């Protein structure tokens, strides 16, 4: 039945409007923006614990930085002697008594120390005058050729390489998102075919080159082929969901912008965490038994705590992106919700930090790693329902329990395709950067240097007579690794956002199907597309005989039986002209938008 014919049976005949019953799972079409669950004592305790952990990390980190009394020596560019930063002296030279020697088993003995730590070493050596340990001197050889001393100088000399590559990376990301909307089937099936071809190719390599029949590779390829045959229609339907999600992401650029803001905060956290961990190696104390330098005891404990909190906070920030996508895509799919903010995606971070039980959040994210797909639906359900995360989890399970197979296939197909594309793009751009750096330095490492020689070059190259050539190789290798890592981080970010959008769109489909509602604006872009890969085309709500437009559903009263006469809906022309409404008219689901004089609700296009 065409959408034009279905629209004739809409709200204009208000006296025949049937009431709607609330779905058993409790999700109505739309995001609940107002009257969300109030925070209880446990919520506030968990939120306070969250911020205490952040402040504790910051305070401890700056204390670690302030406790610095040890530094690593460096080699001057015009000489060969190891020198120390200002305010530090070389412990092996200045912090020992005449005739005493440095302990060769102390890895920190050749570092730089401040005056206070140096005095402690002198007092220790005075108490252990019988120490007879060999003395070592740091030396480094320099070559006569002019070359960049490190990666950053190389990027400064060849500035055009990152200037061209990084904008190209962004352009490639934009085309990637467009391809997921318009060419998603070729992308998915090419990815699956490439995976099968890789398994068969690896089997052929081992069989014909090494005469080893690694038959498990063929078993894996066979299982993949059989699964594709039996799940052909489901995979194609997953492709359509991915296409709709890409379309929704293109229509909601604030989802990407807000996710980038969350990513920037996470990057800042990682940078500070890295600085604190590095500086934790520069706070030493003297072990009086053998005059060696060791880490402070409280520093060792702090590292363990930092490692645990880093793991937890990483999941918090990752799930915050899921909440941002759920808020932005949910508002796009079900627009005009009561109290909907101007930029729904910006509400996501506040939902991620305050509306969720922090303890349940960590439990769902960390302890339920094997149920990662379902834990994401828990987060999305929390955004839609406004309930606590644990309570929303039960409702989310009731919604998707009959669709777990389809949800798993959709999530799995999307994750596989996005992951492989991320690796391919990052590897390709990294190799391109490697080739370009080789060309710029006029020194070939990718084509002439065996990959197995890279480790010795990186570890020992600067202490050989071929330091210049080693430095050129290091510049190319580290430059390619750096650019490839940045590209991987960027494409992995897009993949995470896209996968969260896919799960959110699937969640919206499930709500629509259970409520038997449809939206006319999605007839061609969503419903007709999905119908092609459905066993029964009537599975799409728009093609069900008892389905009603979303606008009519939002306007209908909630109840189990029909009312004798329908009350005048709020915001109707009669209400505008001074009419009064019965209180039952307010018992509606979602947003009651404006109504045209003819009784037809204004469509949200």
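Any Cβ shown, glycine's included, is placed from N, Cα and C.
Automatic prediction, not curation, is the source of TrEMBL annotations.
These come from TrEMBL:
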type	residues	note
COMPBIAS	578-589	compositional bias 'Polar residues'
REGION	575-605	region 'Disordered'
TRANSMEM	42-65	transmembrane segment
TRANSMEM	159-180	transmembrane segment
TRANSMEM	187-208	transmembrane segment
TRANSMEM	214-232	transmembrane segment
TRANSMEM	253-278	transmembrane segment
TRANSMEM	298-318	transmembrane segment
TRANSMEM	417-437	transmembrane segment
TRANSMEM	472-491	transmembrane segment
Stretch contact, the transmembrane segment (298-318) with the transmembrane segment (42-65), Cβ-Cβ under 8 Å, 3+ pairs:
yes
Does the transmembrane segment (472-491) come close to the transmembrane segment (253-278), meaning at least 3 CB pairs under 8 Å for residues 6 or more apart?
no
In terms of Cβ proximity under 8 Å, which residues at least six beyond the ends of the transmembrane segment (214-232) contact it?
192, 195-196, 199-200, 202-203, 206-207, 409
Intrachain neighbours beyond the transmembrane segment (187-208), with Cβ under 8 angstroms and 6 or more residues off its ends:
179-180, 214-215, 217-218, 220-221, 224-225, 228, 235, 238-239, 242, 413, 416-417, 420-421
Same-chain residues near the transmembrane segment (417-437), Cβ under 8 Å, at least 6 residues beyond its ends:
154, 158, 161, 165, 168-169, 172, 176, 187-188, 191, 194-195, 242, 445-446, 475-477, 479-481, 483-485, 487-488, 491-492, 495, 498-499
